[in-house]
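Pulled from Swiss-Prot, these are the features on record:
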BINDING   Gly82, 85-86, Ser90, 92-95, 110-118, Thr122  5-phospho-alpha-D-ribose 1-diphosphate binding site
BINDING   Gly82, Asn113  anthranilate 1 binding site
BINDING   Ser94, Glu228  Mg(2+) 1 binding site
BINDING   Arg168  anthranilate 2 binding site
BINDING   Asp227, Glu228  Mg(2+) 2 binding site
Amino acid sequence: MIKEAIVKIVNKEDLTYDEAYAVMNEIMGGETTSTQNAAFLAALSTKSAKAETTDEIAGCAAAMREHAVQVKTGMDVFEIVGTGGDNAQSFNISTTSALVAAAGGMKVAKHGNRAASSLCGTADCLEALGVNIDQSPEKCVELLNKVGMCFFFAQKYHTSMKYVGPIRKELGFRTVFNILGPLTNPGSPAMQLLGVYDEYLVEPLAQVLVSLGVKRGMVVYGMDKLDEISMSASTKICEIKDGWFRTTVISPEDFGFERCTKEDLKGGTPEENAKIVRDILGGQKGHKRNAVLMNAGASLYIGGKADSMKEGIELAAEIIDSGKALETLDKLIDVSNS
């Protein structure tokens with residue numbers, strides 16, 4: 001099937017749900033070659049200026065979920081994640097925001113991998129902080145109960161990714177897997193904040209999230225091509241609440257923040273990003289903290305810990321300034337290594 005799919009994509013034709021499912025099933029089953037996988041991923045990501053279609057994403061996601069380890073957490077978990085592929089090289093905003101949300105009483109199940117098209121992925125950052133990222137499903141549930149946060153290392157829970165992981169790294173640009181990662185969290189989140197790299201994806205991925213069981217969430221796109229709620233531009237948001245959708249545009253100024261440049265939010269190596277995370281959770285002020293407050297504030301609102309995003313931002317600041325967020329990080333490190 002993959003050969004026929006590549007020809008179809010090269011001819012700028014969209015795949016149906018069933019075709020996308022069949023191809024991803026072959027890839028995840030190890031039935032294709034590395035060359036075919038690279039050709040498929042490259043062709044699919046460049047087929048259209050509007051990125052992959054909803055059917056292509058949903059079909060690929062369904063096949064990938066079937067090949068993954070699923071974890072029964074017994075609780076409504078939350079995930080904050082960006083698709084990556086925005087080439088912004090920002091520090092780990094989602095990871096830092098996740099720690100604040102966990103300190104605020106949410107059950108946060110992060111799901112990620114090492115960097116594919118950036119310098120430092122979620123796994124790289126957490127590892128540099130001292131977190132043991134190689135955890136069993138049982139240990140992850142323990143972490144959720146004791147700390148409020150766990151990390152599902154994609155390599156461990158999506159073992160079939162071994163067929164495409166090295167290829168993603170070699171290609172160095174975003175592929176459909178940037179979208180699929182956030183849609184295939186082993187903990188099946190009931191709440192999610194998903195940042196995307198393309199404005200076209202905002203409403204379609206909100207619909208996909210609902211079909212996957214998300215009750216409350218947001219799909220966000222920073223208008224400066226950032227896969228987070230942006231501090232350097234307005235952000236398009238599609239909010240999900242029990243099956244309904246509402247699309248709005250927000251700006252940093254709406255919440256009393258000054259705009260910054262994307263350069264102000266740049267990160268670096270895993271070690272450099274780990275220091276940034278600790279500095280922010282330790283109370284350091286500045287644009288990076290503000291970016292975390294915006295994203296953590298939205299998270300706390302989604303999780304029902306605040307009645308509005310504005311209240312969520314105020315709560316996020318209180319959590320950091322009280323030392324609870326840093327305590328949560330240290331507890332995550334301790335329990336993950338015990």
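Every residue gets a Cβ built from N, Cα and C, even glycine.
Feature annotations (Swiss-Prot) mapped to structure.
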residue: Gly82; record: 5-phospho-alpha-D-ribose 1-diphosphate binding site; contacts (Cβ under 8 Å, 6+ apart): Ile93, Ser94, Pro182, Leu194, Gly195, Val196, Tyr197, Asp227, Glu228
residue: Ser90; record: 5-phospho-alpha-D-ribose 1-diphosphate binding site; contacts (Cβ under 8 Å, 6+ apart): Leu226, Glu228, Lys262, Leu265, Lys266, Gly267, Ala291
residue: His111; record: 5-phospho-alpha-D-ribose 1-diphosphate binding site; contacts (Cβ under 8 Å, 6+ apart): Glu79, Val81, Phe151, Phe152, Ala154, Tyr157, Gly181, Pro182, Thr184, Asn185, Pro186, Gly187
residue: Asn113; record: anthranilate 1 binding site; contacts (Cβ under 8 Å, 6+ apart): Gly121, Thr122, Ala123, Phe153, Ala154, Gln155, Met161, Gly165, Gly181
residue: Arg114; record: 5-phospho-alpha-D-ribose 1-diphosphate binding site; contacts (Cβ under 8 Å, 6+ apart): Gly121, Ala123, Asp124, Gln155
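Taken residue by residue with DSSP, Glu228 (Mg(2+) 1 binding site) is part of neither helix nor strand, so it is coil. DSSP classifies Gly82 (5-phospho-alpha-D-ribose 1-diphosphate binding site) as strand under the three-state reduction.
When other Cβ atoms within 10 Å of the Cβ of Glu228 (Mg(2+) 1 binding site) are tallied across all protein chains shown, the result is 27. All protein chains shown were included, and the count of other CB atoms within 10 Å of the CB of Ser94 (5-phospho-alpha-D-ribose 1-diphosphate binding site) stands at 27.
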